[in-house]
Amino acid sequence: MAQQAPTMQIDNLLAQVKVLGSSLNVADRAKVQKSLLDALSHVETPYEHMLRLSGSLACIRFGADIGLFKALVESQEPLTCSYLGEKLNANANILGRILRLLASARLVKQTGLDTFTAEKITQELAAQAMESGAHLLFDIHNRTYQALPDYLCENKSKDVDNMHNGIFQKAFSTDLSCYEYLVHNPKLQGFMQDAMKLNQTEGDWLSVLPMEDEIKRWQASDPDRVLFVDIGGGMGHQCIRLRGKYSDIPGRVVLQDMPITVERIPKPMPHGIEAMPYNFEEPQPIKNAKFYYTRNVLHGLTDSASIAALKNVAAAMGTESLLVIDDLIIPDEGACTQACQLDFVMMASIAGKKRTRDQWEDKRKYNEYKCKRNSQFL
């Protein structure tokens, strides 16, 4: 029997990936994605890799601005560039070039000459959260990335740990921190808050925190007693999800965030959730709550600031209180691309970092917390 050509062998393997991929769980999908990215690095040159990534984000941002993805999603039939140009008041030739690039990245599908339709991912790109995410990546993170090489060369011996004098300040020519800058730019602030809706919902903290077991001995007979405090909780997505799953557990649920964020939250919040302006640098005003929760917040603080913030939480905790930190742990070896990219986003925009297990352990020891449970989810 003749040996198959290498390309045919690869085609057979890829066919299996396409068939089996939809049945994988979250953990297995992450492993396969990493393997596929690794395989791709063996069949393209570094320059091809750079070209593949360089233009897509700008095109996604433009497509979101003019309603391109919404138009494709809302249509039952493929649309020509001429039709899209008239509908969106855009140049048909430019649209064709943009759509070809997006199709090459599998973000839309080309069905014929200058004719395109929506892919599955196009549905996501048409959503407000993803549109805001594109703006956040392009308008803030892409700009800080451009300043990153020069900043690092100019500060070779220094760590990036000052949110008032870092890469963001060089990129935006400002003395303000990223958070302070956003306060003066409500449109960008809105993009950031909307993009938080993209947070993962499959296999998350609610699936691993034994909430019902933890509250068996906790009494909430006092109507003012607080069950759950979400510190830095944005628009309240996690509070809402908590109350949606545990609607009958007594106790108040309180969302805390910066005043400008709290002002944007529609009132009243569902399930009786309370919104409270709060800054991590201040003493924690809610005393003796059962759960103090923080999700993807400490990565935005320097080591010294995060230690100070955790001390403020510790000072408010009672004997039955628990601190729940929901954040990424960078593995010691073999970190995935997404985790490393997030680490660079934190460094470039807010002088923050995604931390390793040892770095998290140092935070715990410094604040004299006892680790009751360490749960991993994807």
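Each position is counted from 1, following the chain as shown.
The backbone N, Cα and C atoms fix where each Cβ goes, and this holds for glycine too.
What Swiss-Prot records for this protein:
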BINDING   Gly232, Gly233, Asp257, Asn279, Phe280, Arg295  S-adenosyl-L-methionine binding site
ACT_SITE  His299  active site, proton acceptor
Which same-chain residues, if any, lie at least 6 apart from His299 (active site, proton acceptor) yet have Cβ under 8 Å of it: Asp327, Leu328, Leu342, Met346, Gly352, Lys353, Lys354, Arg355
Secondary structure at the residue listed as 'active site, proton acceptor', reduced by DSSP to three states: helix
Fewest-neighbour residue among binding-site residues, criterion Cβ within 10 Å, set Gly233, Asn279, Phe280, Arg295: Asn279
C-beta crowding around Asp257 (S-adenosyl-L-methionine binding site), within 10 angstroms: 25
All-chain count of other Cβ atoms within 10 Å of Gly232 (S-adenosyl-L-methionine binding site): 21
Greatest inter-residue Cα distance in Å for the S-adenosyl-L-methionine-binding set Gly232, Gly233, Asp257, Asn279, Phe280, Arg295: 15
